[in-house]
Every structure is written in C-alpha cells, then in structure tokens.
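S.K.: The structure under discussion is supplied below as structure tokens; questions concerning it will follow.
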Amino acid sequence: MDAQAKKKAMFRSKLNAKKKDTRIDSPLVRYNESDQPVCRVCNVVLKSESLWDVHQASRKHHEAIDSLKASAAGVQRGSKPAETRPTKIEALAKSSNSQTSSGLPPNFFENREPARAEVEPAKSKNLEQSKHTIGSETNKSKGPLPAGFFDNQKTDSSNTKTTSEPKQSQTQTTGPETKPMVNGNLPTGFFDNKEADLLAHGIKLVKPDIKDEYKEFEKLIQDDLQVVDSRMEEEEVDAAETIEEEEQREQRSYKEKVEILKRKKMELKAARLAKRSKTSEGSVKKPKKTEEESPSDEEDDEDSAVDWRAQHL
C-alpha cells in the first residue's frame, strides 16, 4: 500500500508540474480556486490553457472588449447629462404651471378643505339670522298665542342641524379619496395567476436576476468539472497501476518461459553428450575386434591361394 501511495503521489506531482508549465502569462487571464483559467474580460472559464488562443479570436471576446471601451468612454461623458437634467425638470414645471393657469386655478385641490370650513360658518350665520327674524316676527305677532310657543324652535333648529350634518359627512366621504375597501382576507389560490395571488396577500415578488442565475449555473458546472477531473486523475492513476502490474506479470511469465527453455536446452545438451559418449565407446571396441579377426583373414587368403594353384595343376 505504501508503494501504491508513493506511485500516486509521484503521478500527481508530474501532472501538477505539467499544469504549471502550461500556465498562461497574460494580464487578461486569472486562475480560480480550481486552477482553471478565467478570462477577465468575458468572465468565461476555460477548460484548458490550449483554448486561450481560440477564445481570443472568438467574437464574444472582441464584443466584450468593445463594450468595455464604450463604457469607459461613457464614464467620461457622464458629466454632460447631469447638467442637462435640471433644464428638463424646469421645462416640466413650466408646462404644469401653464396647464393649471389654462384650466383650474393653482392649489385648487389643496384649498378644498378650508373652503368647506368657510361654508359651515356661513350656514351657521344664516341660521342665526333666520332665528333673529323669526323672533322679531313672533314678538310682533304676540297676542292670543301662549307663552313659550316659539321655545320649541330650538329643538327644530337642532333637528335641522342633525339632518344637515350627515349630509355634509356624506358629501365629505364621496370626495376624491373614496377607495373600495375589501373586508376579510382572500383564500390562497383565489387568483389563477400566482403573481396576482401573491400581490393580493401583500407578498412582494422578487424577480430573479439572470446574471445571478448564470453565475450559479457556472458554479455548478465548475463543481461538476472538478469532480470529473478528480475522477479522471484517479482513473489515470489506477490505470497506470494496473498497466504496471500487467507489465510486471508479463515480465515474470517471460522470465519463467526463458528459464524453462534454458532448462530444456541444458537437458538436450546433456542427452547429446551422453549419446556421443556412448557412440565413442562403441567405436573404440570395434577396432579391437578387427585386429583379432585380421590373422584369420590372412589364413583364409593363404588357403584360397593354395586351392587356386591346385586347380591349375
């Protein structure tokens, strides 16, 4: 296990050294937490350093550079619109004043309540004047009428006041501030549209920002890529280990075969030497027999010669 851990560490150190050698030295590139190159202009994560040249030649990169240049030029021109804004506001104020002068008088709606307050004391003055006139007429026409006949006039006037007051209250309520009142709470899901339902319950909708969602999506992709890279590294390490083990096994099998062949060769050499020794021993024994048989052959030759002479005779 220690040897395997050392091998893995060596393999990873080699990979890290290769990555360091291929780093991009450019002011437009930065590296994130996972040692991936990121374009500072486009804020795009590159999968590898070899794609930097392709990204520089891309249309998106050039458009981002042009937008940065345009924004820098807009910052320099930002002081001019600030100076022109007050003139627009003054023009709007003049137009509103002209409308009020042509149609309704200025502060028409603001002075509406004091006008109502002036109407009420005028009405009270008219009532008092009517009382005085009625009293004078009664004083003139006093005679057979009983005393205190006109004392009930106060109650009549009070009744008239009470009847006039609710009318005034009604006119006040039917002013420009009349709004429909909703009694009770609506149940959830009353509206088919979710936005309208939430607004009816007083819940403000938060519109999702596309940029934030895109950044979250990029983070998820980066996390997935990190997981994939780690798995690839582990698989490469495991594959390297398995390849080394297979090579070692093949070498062992080849060594065993070589040893077996050497043994067979030695056995064959020994067998050949044994055969040669046997054949050499047999050849040594045969010449002795020939030497022993040679005098008998000479005798046979002499006998045959004697027989030949005898035949001629």
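Each residue, glycine too, has its Cβ placed from N, Cα and C.
Note that this is a predicted model, so its numbers are computed, not measured.
Below are the features listed in Swiss-Prot for this protein:
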- 232-271: coiled coil (COILED)
- 115-131: compositional bias 'Basic and acidic residues' (COMPBIAS)
- 155-176: compositional bias 'Polar residues' (COMPBIAS)
- 232-248: compositional bias 'Acidic residues' (COMPBIAS)
- 293-305: compositional bias 'Acidic residues' (COMPBIAS)
- 115-189: region 'Disordered' (REGION)
- 232-254: region 'Disordered' (REGION)
- 271-313: region 'Disordered' (REGION)
- 5-12: motif 'Nuclear localization signal 1' (MOTIF)
- 274-281: motif 'Nuclear localization signal 2' (MOTIF)
- 39-61: zinc finger (ZN_FING)
S.K.: Mind checking which residues reach the region 'Disordered' (232-254)? Cβ under 8 Å, same chain, six or more beyond either end.
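M.R.: Distant contacts of the region 'Disordered' (232-254): 4, 7-8, 11-12, 15.
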S.K.: Determine which residues of the chain contact the motif 'Nuclear localization signal 2' (274-281) at the Cβ level, with the cut-off under 8 Å and only residues 6 or more beyond its ends counted.
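M.R.: None.
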S.K.: Give the mean pLDDT for the coiled coil (232-271) on the 0 to 100 scale.
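M.R.: Mean per-residue confidence for the coiled coil (232-271): 91 out of 100.
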S.K.: Per DSSP, what is the helix/strand/coil residue tally across the compositional bias 'Acidic residues' (232-248)?
M.R.: 17 helix, 0 strand, 0 coil
S.K.: What are the DSSP helix, strand and coil residue counts for the motif 'Nuclear localization signal 1' (5-12)?
M.R.: 8 helix, 0 strand, 0 coil
